[in-house]
């Protein structure tokens, strides 16, 4: 148990950081173990509610890969991936839309509102929030990317005290729906909103020089250092698109980006309200 002096130290550290964030916009991309574990999910929900009630404008973007895989198998479709990207044919796209915009999104809204939150569930199609385009221009592969973001609905919701919960699916100008990588989706939202922070919840401590040694965690990088990570082969696999997402957001209108370990309880509070944070921060 913390002694009184320890509690005072925590308050002295966190209150100035909280004051800096009040009224600012933070976009959180939610996924990984934090989504699969009910216990971790509850902790993320607690963090979101606390930050929102403190006056921070939070936008919550989610994917749901493992849940999509489970539902595909229920209808005898084996999930397929090409270089880490889900192969999304017509049947798969229908399931992705139903699971993300329906089951996953509404469950998150329910959990937040059950705790007296003011969450509103959305996907890219709502109020033309996100206009998509095909990523590969291949017929019958409905993997998309973000072509345009219309922030009007988000501005109205955030200014009215609501928490937008957004599923990473969107349609093009012809109404064709696409599955979009949730990191890419969150980065585009953050850029369009000129967010102060973009935070990606992952299943690793952050960016590490040695993925098997948490002591090699890189706490802070500038944009140039982040751009060299791929060239120097410091990062690989799923970390590459996350870092690329952060770089693109910083080259736009986002002030800082963070890659943190969603497996740690209250990881959002620890990253935002402690001086050292717990993950990797990339800034200009």
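Any Cβ shown, glycine's included, is placed from N, Cα and C.
TrEMBL does not curate its annotations; it predicts them automatically.
TrEMBL has this to say about the protein:
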type	residues	note
BINDING	64, 65, 86, 179	substrate binding site
DOMAIN	25-261	domain 'Aspartate/glutamate/uridylate kinase'
SITE	29	site 'Transition state stabilizer'
SITE	242	site 'Transition state stabilizer'
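When the recorded positions 29, 86, 242 are scored by other C-beta atoms within 10 Å, 29 scores highest.
Cα-Cα distance from residue 179 (substrate binding site) to residue 242 (site 'Transition state stabilizer'): 17 Å (rounded to the nearest whole number). With 64, 65, 86, 179 listed as the residues that bind substrate, the site has a largest C-alpha separation of 12 Å. Counting only the Cα atoms, the space from residue 86 (substrate binding site) to residue 242 (site 'Transition state stabilizer') is about 16 angstrom. Less than 8 angstroms from the CB of residue 65 (substrate binding site) sit 31, 86, each of them six or more residues away in the same chain. Residue environment of residue 179 (substrate binding site) contains 27 other Cβ atoms, counted within 10 Å of its Cβ in all protein chains. Residue 64 (substrate binding site) carries neither a helix nor a strand DSSP state and counts as coil.
If you measure from the Cα atom of residue 242 (site 'Transition state stabilizer') to that of residue 29 (site 'Transition state stabilizer'), you get 11 Å.
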